[in-house]
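Below is one structure, written out as structure tokens; the observations come after it.
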């Protein structure tokens, strides 16, 4: 969980820092730094509100913990979190190039209307979105124990890393490739999302909500393979394997915990878990490829329009530069020439 908490906090916190940093830098650049206090007030309110959302969400989850429907709530959180992560990845890959200009245009509009409340609300909402997403993802990776995820070293390390990267971006002398950062972290988040989706399928099968087309002779859900001998998912699985076989697995269970959090690894997946895991990657790849094609087509159309506009402007300029005596005679001049000839 620590690795998942680190990646999620790192990504979400840096997005918030990047957005707020762009707003503050723009205000400083145009000589409107007096508005910065309203921006930071909105950020502070968003942090407090995010903690409030975490507390409220934890109360709801604790209430369901004693009810038979708690597992279904967990399934819903896992599926929705996987969907939110996927949407966030696709959205940021599309918006990161236009983020600065859009934010600056929004801030310029707020400055024109002259509303301090609007500035507070804007910075509050853009920060709150990242906070609420983080709370939801923490609920998914911690099986409902949000406080455990918040207090983990992964969450703290993610905040520190995001703060340092933000400091380098806005105060450092070297330019940081923001697009590269989002691409790399998106790969990790896709892996986490795939793991969350597979966990949801596994819980559904444990509850016998869904069965399996691949079963044991006794009618139980069968595993596609069993890699416990190679890499157990958890030290407990390692202990059980040693007890049952008298042999040690090739790799330690702690490494299995890492790969389960990082890659959604399962030592003995069912057929449905296996298929769901790889189909998710295919699905995301298709969406990203489609989005790239749309962006390339839009860029090509924009270049064509610019070229056409430039060509039309050049033609007008060339026509205007032709001397009057060199231009072909008009109809009136032609008629005068014919009368003179008669």
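Easy rule for this one: first residue shown is 1, then count along the chain.
Cβ coordinates are placed from backbone N, Cα and C, and glycine is handled just like the others.
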Matching 72-91, 212-231 to TrEMBL annotations, transmembrane segment lands on 72-91
Exercise. Okay, the transmembrane segment (39-60) and the transmembrane segment (107-128): do they have at least three CB pairs under 8 Å, pairs separated by 6 or more?
Worked result: yes
Given 72-91, 148-170, 182-204, 271-289, the one sharing the most C-beta pairs under 8 Å with the transmembrane segment (6-27) is 148-170
